[in-house]
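Peer 1: There's a structure below that I have some questions on.
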Amino acid sequence: MPALVRRPFWYVRHGETAWNVRHLAQGRTDIPLNERGREQAREAGARLAALFANGQRPFTHIVSSPLSRARETAEAVRDAVLKAGGPALPITTDDGFLEVCFGTLEGKELQDWYKQWIEDGYVPPEGEGFHELQARSTAALNRAHQVGPGHNDDVPLIVAHGALFRGLRASMGMEINVRLANADPWHLSPVQPGSADDEGAGWKSWHDESVDVSQGV
């Protein structure tokens, strides 16, 4: 398992899709955003664009999953930042940020097997295990810190998927069975292990507390 580089980053899950509404496992299946998902992506873009006020630069570049639901969300953020007078942020894609492969269970309803996949080592037929996802996503995040304009001071915004975020949380020593709402921006940063802000193995998170992040899909 690769060690996670201890540098801050932002994370946004893609906006809503028709399969999200139906509680179906999407995995690698390339389901586009629905109309609500596109609106969520625009709203996330506006929230993030506001952080660039007064010359601030909260993140320097965007790295997205290549799946269309993530890529479209990333483009909405980029466009909102530019419209608000911010920089033209580069977008790259990395296959390491693809959603987990659920194999033959893609398109099936998310039931007890999903929790077993997270907690008990269950691997769907022709699918990917949680620890495999964790290693892949951790390596991808480490790469994301090396593709920005500054390298030493760059802060990436990752636009990807819900299950993939669980893998990253595992590498940060955080609770993994936490639902990530569609298009809800999170900021993750390293802290002194054991400090008051430490939520895991020396990491803390921030997001809009008005958003429901209760356990679930």
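Using N, Cα and C of the backbone, Cβ positions are placed for all residues, glycine too.
In TrEMBL, annotation is done automatically, which means it is predicted and not curated.
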Peer 1: Which one of 125-155, 187-217 shows up in TrEMBL as region 'Disordered'?
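Peer 2: The range carrying the region 'Disordered' annotation in TrEMBL is 187-217.
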Peer 1: Which of ARG57, ARG69, ARG71 does TrEMBL put in the same substrate site as ARG13, HIS14, GLY15, GLU16, THR17, ALA18, TRP19, ASN20?
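Peer 2: Record check against TrEMBL: substrate site with ARG13, HIS14, GLY15, GLU16, THR17, ALA18, TRP19, ASN20, extra candidate from ARG57, ARG69, ARG71 is ARG69.
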Peer 1: Measuring Cα to Cα across ARG13, HIS14, GLY15, GLU16, THR17, ALA18, TRP19, ASN20, ARG69, which the record gives as the substrate binders, how far apart are the two most distant ones in Å?
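Peer 2: Max Cα-Cα spread across the substrate binders: 15 Å.
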Peer 1: How big is the gap, in Å, between the Cα of TRP19 (substrate binding site) and that of GLU99 (active site, proton donor/acceptor), rounded to a whole number?
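Peer 2: A Cα-Cα distance of 14 Å.
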Peer 1: I'd like the Cβ neighbour count for TRP19 (substrate binding site), meaning other Cβ atoms within 10 Å of its Cβ, all protein chains included.
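Peer 2: Excluding its own Cβ, the number within 10 Å is 19.
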Peer 1: Could you state the whole-number distance in Å separating the C-alpha atoms of GLY15 (substrate binding site) and GLU99 (active site, proton donor/acceptor)?
Peer 2: 14
